[in-house]
Amino acid sequence: MEVEGGKRVCESAEVDDDGRIKRTGNVFTTTMHIITVVVGAGVLALAWAMAQLGWIPGIITMIIFACISIYTYNLIADCYRYPDPVNGKRNYTYMQAVHAYLGGKMHVFCGLIQYGKLAGITVGYTITSSTSLVAIKKAICFHKRGHQAYCKFSNNPYMIGFGVLQILLSQIPNFHKLTYLSTIAAITSFGYAFIGSGLSLAVVVPGKGEPTRIFGNKVGPGLSEADKIWRVFSALGNIALACSYATVVYDIMDTLKSYPPECKQMKKANVFGITTMTLLFLLCGGLGYAAFGDHTPGNILTGFGFYEPFWLVALGNVCIVTHMVGAYQVLAQPLFRIIEMGANMMWPRSDFINKEYPTKIGPLTFSFNLFRLIWRTIYVAVATTIAMAMPFFNEFLALLGAIGFWPLIVFFPVQMHIAQKQIKRLSLKWCVLQLLSFLCFLVSVVAAIGSIRGISKNIKKYKLFMYKQ
């Protein structure tokens, strides 16, 4: 690789500066990946979060989270290459960047958090998909039998079906093959978000919305002061999860073409993606809260705040499932890749680990690998089993948000930025960055406590594998 006038010039038109096949991603495709990951079904839980916080704290909290996210994700973008953001050596994963800038111990800590959260999110998406599939069946049931009919169904068959589909899709060899799946998922995410918002608007415009409050649900006979506090904590976790794509940020960034510099393209994609996300969050959260007030369900499309038109409720849930199918793979592929890279390093000559078998079925040509087939199948099966044991939508999403928010979105980006720019200890900028990190740490702690309390209450209430929605 040669450098001319600050621009990287590759020696071959077929490969990038690192010798890998030339990347072709751009700001648009990267924004689509971000939206696919960020605008998950958690967006439909934001109305519930808004109900706990109220209008002023809820809106301010979402905007603050968005501003912090844009700032820290831009710091992450500058650390894609080491030591120089434009001409340095590529970091292919978040862990690799942390290792380059912060050293081995932080590298291990980052890996535990990042891939633990990725595993948790795949469990969460399995829960979300089954919840929406059951909601479709319930919408049809209520339409045929009336709104007071008994329409409760087990989530388990739907989780198993979703798991089988993910086993098949998991054989896609790498992240670069997911662009079309990711784009479809991003489009459907807007579909269900707008359907949920439209149904809420249809309640609000005629003046049929429930009373709302500036500071959220009122403490009273049905809500103790302690429960109010726990719910606020859990709401913070839901909002934190909604802002998160740090687990796959470098996998997304590694799809970008080399010029203009990846960091500049990624910063634009961060702004476009997070701004779109925030507007959608405020729309869905605000309209949902305006429609249901204190009685806002945990998910406005599956909690049956709406019964009619039943076909639109069902369509919204079809969009959720379609999005979850794509988003599951976008988040699972980095986890698959790190395990397979490790296996390749340990057993480089093993045919079981490394050999590809070209296969043709009719017009379809593909290759499969025995290790990939077996380990990915086992992983999806285990994730599905855990989801069947604890299918609690809001609390599980809030816990995932709490676990990942501080370390991945704030702590590591801030520390890498300090190392990269060699910011002096106890200087004004150093103190401001550490204060930001500490405040976000407190938010993560209280959100985790609130969500764990919610999960423990539900586990006592329901038998394992026997939950009906």
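Just so it is clear, glycine is given a Cβ too, placed from its N, Cα and C backbone atoms.
Automated prediction, rather than curation, is the source of TrEMBL annotations.
The feature domain 'Amino acid transporter transmembrane' is assigned by TrEMBL to 24-454.
If you look up TrEMBL, you'll see 27-49 (among others) marked as transmembrane segment.
With a cut-off of 8 Å between Cβ atoms, the residues of this chain six or more beyond the transmembrane segment (55-76) that come close are 46, 49, 94, 97, 212-216, 235-236, 239-240, 242-243, 245-246, 249-250, 266-267, 270-271, 274-275, 277-278, 281-282, 285-286, 289, 409-410, 413-414, 416-417, 436, 440. The transmembrane segment annotation in TrEMBL covers 55-76 (among others).
Annotation comment: TrEMBL describes 178-205 (among others) as transmembrane segment. With a cut-off of 8 Å between Cβ atoms, the residues of this chain six or more beyond the transmembrane segment (178-205) that come close are 25, 29, 32-33, 35-36, 39-41, 43-44, 47, 169, 172, 255, 280, 283-284, 287-288, 290-292, 300-301, 306, 312-313, 315-317, 319-320, 322-323, 325-327, 329-330, 333.
Taken from TrEMBL, the feature transmembrane segment covers 229-250 (among others). Within the same chain, residues 33-34, 37-38, 40, 42-43, 45-46, 48-50, 52-53, 58, 61-62, 65-66, 68-69, 73, 76, 80, 91-94, 96-97, 114-115, 117-118, 121, 216-217, 273-274, 277, 281, 330-331, 333-334, 394-395, 397-402, 404-405, 408-409, 443-444, 446-451, 453-454 sit at least 6 positions outside the transmembrane segment (229-250) and bring their C-beta atoms closer than 8 Å to a C-beta of that stretch.
Beyond the transmembrane segment (271-290), the same-chain residues lying 6 or more positions past its ends with a Cβ under 8 Å from any Cβ of the stretch are 27, 30-31, 34-35, 38-39, 43-44, 46-51, 55, 58-59, 62-63, 66, 69-70, 73, 190, 193, 196-197, 200-201, 203-204, 209, 212, 239, 242-243, 245, 296, 300, 305. Residues annotated as transmembrane segment in TrEMBL: 271-290 (among others).
Long-range Cβ contacts of the transmembrane segment (310-331) within its own chain (Cβ-Cβ under 8 Å, at least 6 residues beyond either end) map to 33, 36-37, 39-41, 44, 118, 121-122, 125-126, 128-129, 132-133, 135-136, 139-140, 142-143, 162, 165-166, 169-170, 172, 175, 178, 181-182, 184-186, 188-189, 191-192, 195-196, 198-199, 247-248, 301-302. Among the features that TrEMBL reports, transmembrane segment is placed at 310-331 (among others).
Per TrEMBL, the feature transmembrane segment maps to 373-390 (among others).
Per TrEMBL, transmembrane segment is recorded for 396-414 (among others).
Per TrEMBL, the feature transmembrane segment maps to 435-456 (among others).
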Against which stretches of its own chain does the transmembrane segment (27-49) lie, if we need a Cβ under 8 Å and a gap of at least six residues from its ends?
58, 62, 125, 128, 132, 179, 182-183, 185-186, 189-190, 192-193, 196, 200, 235-236, 238-239, 241-245, 248, 252-253, 255-256, 265-266, 268-270, 272-274, 276-277, 280-281, 284-289, 291-292, 296-302, 320, 323-324, 326-327, 330-331, 393-394, 397, 401
